[in-house]
């Protein structure tokens, strides 16, 4: 069995470690009829949510469904346009973070919100410092902080600088701050996004411990395996509206997916048979002199060719050579029959070769620019006449991308940094689709996006294949490789070690090649 969240999700192999107890009769938290409007755009409409003491309540939905907006209202970062919040059955208006703290609510964002140059204790007491006549009582703050850290089982000291801690340890600091403030409701937004598997296990143990101590935990995640591991109840949002809730006893992956995206799980890939055209890419014995030892493959027009393998097999290195990020030390690359060797990505783009990088934030997006500028970044030269950029053409391209990929955004002028992971990936895909590629290399095209966004990306890939685009898809998700690929190459330790097609494309054969069990 491959240890992949999505594999577990498809096959339904989940662990159920605790027995769900009957919740108290009255919710600790109720959100009734919550709406949030940004101009004419409704991010939330008439949303209801109830949370009980001593439960882990998962909040799910596609990227852009309104999960983070709802939680920001709860934390006082946004003010609701309509609706009310009740704590212990009594109305409790929240219009600022200070109100949320008074209500006993703490939101731990996906991006850590700590001051790195301060100590752990100073961060825990930030805004509620202990003072004496002579200034801050750092000794008492450190002692009190250490008590909370010990309760959490932390392996670091309250006197350490936050900058010296790992992401997982910084999360513990945020949880410690919530405990010191006697928070009763803890909201965690995609807390495992930057954690290793071992750190994730420790976090799960801590979350369960807090639940057992009576804390109410709202857990936002798109990872199905985490939901089955932790959740007592699950509520789903779709398009800014409340769809429904499921208890642990009737939790079912197919039902959850249908609630999130409005269609059955079986429609996720919806792969169509596309006529295959002429050879677009041929790679012969390619090497970069380091991780990539000897890779050979072929991709034809209209094909989606999967490239699978374990981490470190050399797949991304191959992508970088094909796009001109690095130069090959050995081997040959042919594009539409002609031998090529790109010296830069700019040269690759000029030949209509696109690369969707593995890490969209560090290698692909300009986070401080808006959607329009990100989408048109690769076509500025093409759309310029006498050094004047055709703004209307760029706007039309961007608006078509927003509508075609169903991005839930107010406008093309929104900064990319504020978008969900799924919408960020759609922006990047739209940029490269705009160059009208003949070869599109996609490195982990659906990493970090929810099920709904995956479906939209798959649909886009199929439409591009119909237009004759040759797609080389690198993916670590075996269901994705199996569900989307016409043929599959498998890499191991820098070598292409197997090619599969037709009925031979299955998870077992792929892993046999990847692990060296088959040659």
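Every residue gets a Cβ built from N, Cα and C, even glycine.
Using a 10 Å radius centred on the Cβ of residue 68 (ATP binding site) and all shown protein chains, the other Cβ atoms total 24. Here Swiss-Prot flags 61, 62, 63, 64, 65, 66, 67, 68 as ATP binding site.
Annotated domain 'ABC transporter 1' per Swiss-Prot: 29-264, in sequence order, evidence recorded as sequence analysis.
Swiss-Prot lists 275-518 with the feature domain 'ABC transporter 2', giving sequence analysis as the kind of evidence.
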Stretch-averaged pLDDT - the domain 'ABC transporter 1' (29-264): 90
Cβ-Cβ distance under 8 Å to residue 65 (ATP binding site), same chain, at least six residues away: 237, 238, 239, 240, 260, 408, 452
Cβ neighbours within the same chain of residue 67 (ATP binding site) - under 8 Å, at least six residues apart: 59, 60, 61, 189, 220, 237
